[in-house]
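Colleague: From TrEMBL, for reference:
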- 1-89: domain 'Chorismate mutase' (DOMAIN)
- 89-263: domain 'Prephenate dehydratase' (DOMAIN)
- Thr256: site 'Essential for prephenate dehydratase activity' (SITE)
- 281-359: domain 'ACT' (DOMAIN)
Amino acid sequence: MSDPLQPIREQIDAHDRHLVELLNSRLALAAEIGKLKRSTGGQIYVPEREDAVFRKVTALNQGPIKNEALQAIYREIMSAAIALEKPLLIAYLGPEATYTHAAAIKKFGASVDYSAIATISDIFTAIEKGEADYGIIPIENSTEGSVREALDGFVDSDLKVVAQVYLEINHALISSTPLAQIDKVYSKDQALAQCRAWLQRHLPHAQLIDTASTAKAVQIAKDTPGAAAIAAELAAQVQGVPVVAKNIQDQNDNTTRFFVVGKRPSGPVGGGRDITSLVVSLGDEAAANSGSLLKMLMPFGQRGINLSKVESRPSKKRPWDYLFFIDVTGHYEDPAMKEAIAELRKFCPLVKWLGSYPSVQ
Ligand SMILES: O=C(O)C(=O)C[C@]1(C(=O)O)C=C[C@@H](O)C=C1
C-alpha cells in the first residue's frame, strides 16, 4: 500500500530546498552589508532595523504560522546574519542558565557567542574595555521592582541602553532533598522575594539565603544536604539537580525587563515605538522648591511626551538627595524630545541620556 504521507513529504522536501536557497541568498546579502559596515565602522547589531524586519514579516503573515513562531525563526535568521557579518560576544549576568542568559538568547539567538560574567558592574567594565560587544542585564521585575545595582551602574557609565527584552519568569524549587526535609533555600534576593508567599506556605521554617545569582544557588544546593535553590528549570537541567516544585512564583505573570547595553546608541524606529531613558538630578532645586518634581515632568507633559516610568534612588552623594530614572516615549533625536531635554537642563544639574531603543522585542 502506498504511504499517503509520501507525496506531502515530497512537497515539503521541495519547499525545504527552496527555503535553504532563499536563506543562503538572504544571508549572502547580509554578508555584503557586513563588508560595508566593516569598512565604514557601522554597527553590526541594529535594533531599529531588526524591529522593522519583525514588523514587516508580521504584517506579511497570513498564517497558519503564529506570529510568535515567525518571529522566533526570524530571530535565528538575523542571528545567523550577525554571525556572518562579525562574531559578536554578548556578556550576560551569569553563571550559565540564569534568567539573564535566557533573555540574552531570546534577544540575540543561537549564532552569537555568550560570556557569563559574575556581576552587573563587571558587565559594564567588559564592554567599556571592548572585551564584549554588548551586555545584557536585568533592570526591573513586575513583582519586585527595580534591580538597584543595574540602575546604579548607569550613573557612572557612558554606555547606552540600545534595546530591551521582556522575559516571563517561572521559578522552580530545585533540590536533591525531599520538600519535607528542606531547611535552607538559596537564591538571588529578588527571586526569594518573588516566591515569598509560596515559601511561607510550604517551607515556613527554612532559612532563606541570598546568593549572587539563581544559577549559583543551584550549584550550592547541589552539594549541600537539606538545601534547595530557587531558579529556572533550565538551571536544574544544566546542573543535573531534580526539580521539587514548578511555578512557585507568587504572581503568575511575573516578568523581568532586561536592558541590552552597548557603546553606541540605537537609531529611531518612529511611530511612538521608541523609549528614551534618562537619569535626572534636581540638585538644590529639590530642597528649595516643593513643586520641583512636577517642574521636572512638565517639559514632557507640555509636549505630549508620555511618561512610562519614574523611579527615585538615593544619589549617595548627600543624604536625601535623589536621582530620578525616567522613561519617556520617543527618541532622543525627536525634535520635541530635544526641546524637553534642553528645558530640563536649564534647571537640573544632571540630565543624563541613558539611551533610546525600540519599545518591543
Ligand atoms: O540590515 C542590517 O544592517 C543587517 O545587518 C541585516 C540584519 C538582517 O539580517 O536583516 C542583521 C542584523 C542586524 O541587527 C539587522 C538586520
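Using the three backbone atoms N, Cα and C, a Cβ is placed for every residue, glycine included.
All TrEMBL annotations are machine predictions without curation.
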Colleague: Counting every protein chain present, what is the number of Cβ atoms, excluding its own, within 10 Å of the Cβ of Thr256 (site 'Essential for prephenate dehydratase activity')?
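Modeller: Excluding its own Cβ, Thr256 (site 'Essential for prephenate dehydratase activity') sees 23 Cβ atoms within 10 Å.
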Colleague: Just to be sure I understand, if DSSP states are collapsed into helix, strand and coil, how many residues of the domain 'Chorismate mutase' (1-89) fall in each?
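Modeller: Split by secondary structure, the domain 'Chorismate mutase' (1-89) comes out as 69 helix, 1 strand, 19 coil.
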Colleague: Through the lens of DSSP with three states only, how would you label Thr256 (site 'Essential for prephenate dehydratase activity')?
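Modeller: It is in a strand.
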Colleague: What is the average pLDDT across the domain 'Prephenate dehydratase' (89-263)?
Modeller: 93
